[in-house]
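*Asks:* Straight out of TrEMBL:
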type	residues	note
DOMAIN	12-412	domain 'Cation/H+ exchanger transmembrane'
TRANSMEM	7-25	transmembrane segment
TRANSMEM	31-50	transmembrane segment
TRANSMEM	62-83	transmembrane segment
TRANSMEM	95-118	transmembrane segment
TRANSMEM	130-153	transmembrane segment
TRANSMEM	204-227	transmembrane segment
TRANSMEM	257-275	transmembrane segment
TRANSMEM	295-314	transmembrane segment
TRANSMEM	320-345	transmembrane segment
TRANSMEM	357-374	transmembrane segment
TRANSMEM	394-415	transmembrane segment
Amino acid sequence: MTIFFSLLVLAICIILVHLLIRYRLHFLPESVAVVSLGILMGAVIKIIEFKKLANWKEEEMFRPNMFFLLLLPPIIFESGYSLHKGNFFQNIGSITLFAVFGTAISAFVVGGGIYFLGQADVISKLNMTDSFAFGSLISAVDPVATIAIFNALHVDPVLNMLVFGESILNDAVSIVLTNTAEGLTRKNMSDVSGWQTFLQALGYFLKMFFGSAALGTLTGLISALVLKHIDLRKTPSLEFGMMIIFAYLPYGLAEGISLSGIMAILFSGIVMSHYTHHNLSPVTQILMQQTLRTVAFLCETCVFAFLGLSIFSFPHKFEISFVIWCIVLVLFARAVNIFPLSYLLNFFRDHKITPKMMFIMWFSGLRGAIPYALSLHLDLEPMEKRQLIGTTTIIIVLFTILLLGGSTMPLIRLMDIEDAKARRRNKKDVNLSKTEKMGNTIESEHLSELTEEEYEAHYIRRQDLKGFVWLDAKYLNPFFTRRLTQEDLHHGRIQMKTLTNKWYEEVRQGPSGSEDDEQELL
């Protein structure tokens, strides 16, 4: 029944998203709509259970293991695979600073604040490791609604990439920090000084972060070399199967050697998109892109629906003072993270981060599925402590998604942070549907097929390349990607044309085919 219930929830959510697109309710982010639907479904199920008509408690419970093994890897891999590499690598220093040091600052501020407030008997007491674990998990940001608004309003692309890039790396960093705190909790630290505990935690974090990133990067580079030298372009099914294997391979390997599978699969996705993807046939490029988007959409939708259901699915422990102080600490920690680091980065950046951009970055620190799943995954004793953290996390997630996410658009309009021409053009047509945009577009950079001469003209002869971008264009890209001949390009076009003609013939010969339909297609 659990599988049936999950599929039923997904089907209802897909119909809801379809209705949002069909009736052009573009002002409502899909994540907000799905969470709201989950809350409604949870209330209905609770009424059914109260009337003793059925008992679905087992089915509506969200299992953290299912999230980390099945739902989270496709979401993380797709976010890395669909990343706009140009803006990402140009801002890699700023993104890394915000994602790594910024997340660590946020975790320490929230965790330290909760610990000292507990010692002062202002809120419920948590020990140091439990406080740090909660501070780490609640520092994972998920600005899905904000990114959709940025795309709709054509805000500064640098601001877009800083928020989006930080959120991608931040998820992995937050998970590693939480695992670090859990590791300290499981060990007997009673005879170890605070300084030794800090050094142990730092060593564990550095090993997990850099070890997992290196493993994911290495796996991605190996996949590029394999598909460069083993030509599977004429058999797309084998090519696609190989890509799926390499997509999940770093996760399984990293978890098997006690590293972070999420960090590994993120870096693998970025590297495979940058190199391996361009060794694929055009058919597999499109198939890979759309398959990943579809699977990631289903996983995200499932998580947001169960987030809404969770309000009614397990016992809560609600403490008003704990919730209020946690919300204050989360907002304060985000400010301590964004503003000082932005001012520091402006000394080294050509494109400055303006005060308006800093404020929007602070405001866009929404919480999403990952804090919720991590809170359920924490193995805390006694059970009341676990329920308190779980309940508080759900309230913070819903507060940021519904209140902050819903007010981002009017705030951006008020602060005049979008492009003026784009603002006039979009006053009547602002589209926040992530699914509709993904379905209507194929990333141009993901379909680029350049011959040796074209690549040299586009990249190597350019004088404005510097740093890693120059190194990549000059040495790495030619080594890991296949430079196509005119014959390869010709074969790829024939392959695409054959598939298109075959589809068109099937449409014409279908039961509803007619000459009018044919003319309409033409």
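Here the Cβ of each residue, glycine as well, is placed from N, Cα and C on the backbone.
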*Asks:* Six or more residues beyond either end and a Cβ under 8 Å away: which residues meet both conditions relative to the transmembrane segment (257-275)?
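*Replies:* Residues 68, 72-73, 76-83, 85, 88, 168-169, 171-173, 175-176, 179, 207-209, 211-213, 215-217, 219-221, 223-224, 243, 246-251, 446, 476-477, 480-481.
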*Asks:* For the transmembrane segment (357-374), which stretch among 62-83, 295-314, 320-345, 394-415 has the most Cβ pairs under 8 A?
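*Replies:* Stretch with the highest Cβ contact count: 394-415.
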*Asks:* Can you see whether the transmembrane segment (320-345) and the transmembrane segment (295-314) are touching - at least 3 CB pairs under 8 angstroms, only pairs 6 or more apart in sequence?
*Replies:* no
*Asks:* Could you give the residue numbers and ranges of same-chain residues that sit at least 6 residues beyond the transmembrane segment (204-227) on either side and whose C-beta is under 8 angstroms from one of its C-beta atoms?
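*Replies:* 100, 172-173, 176-177, 179-180, 183, 239, 242-243, 246, 249-250, 253-254, 259-272, 274-276, 279-280, 480-481.
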*Asks:* What else in the chain is close to the transmembrane segment (295-314), if you only count residues 6 or more beyond its ends and a Cβ gap under 8 Å?
*Replies:* 6, 9-10, 13-14, 17, 30-31, 34-43, 45-46, 57, 60-62, 67, 70-72, 74-75, 77-79, 144, 368-369, 372-373, 387, 390, 394, 397-398, 434-435, 438
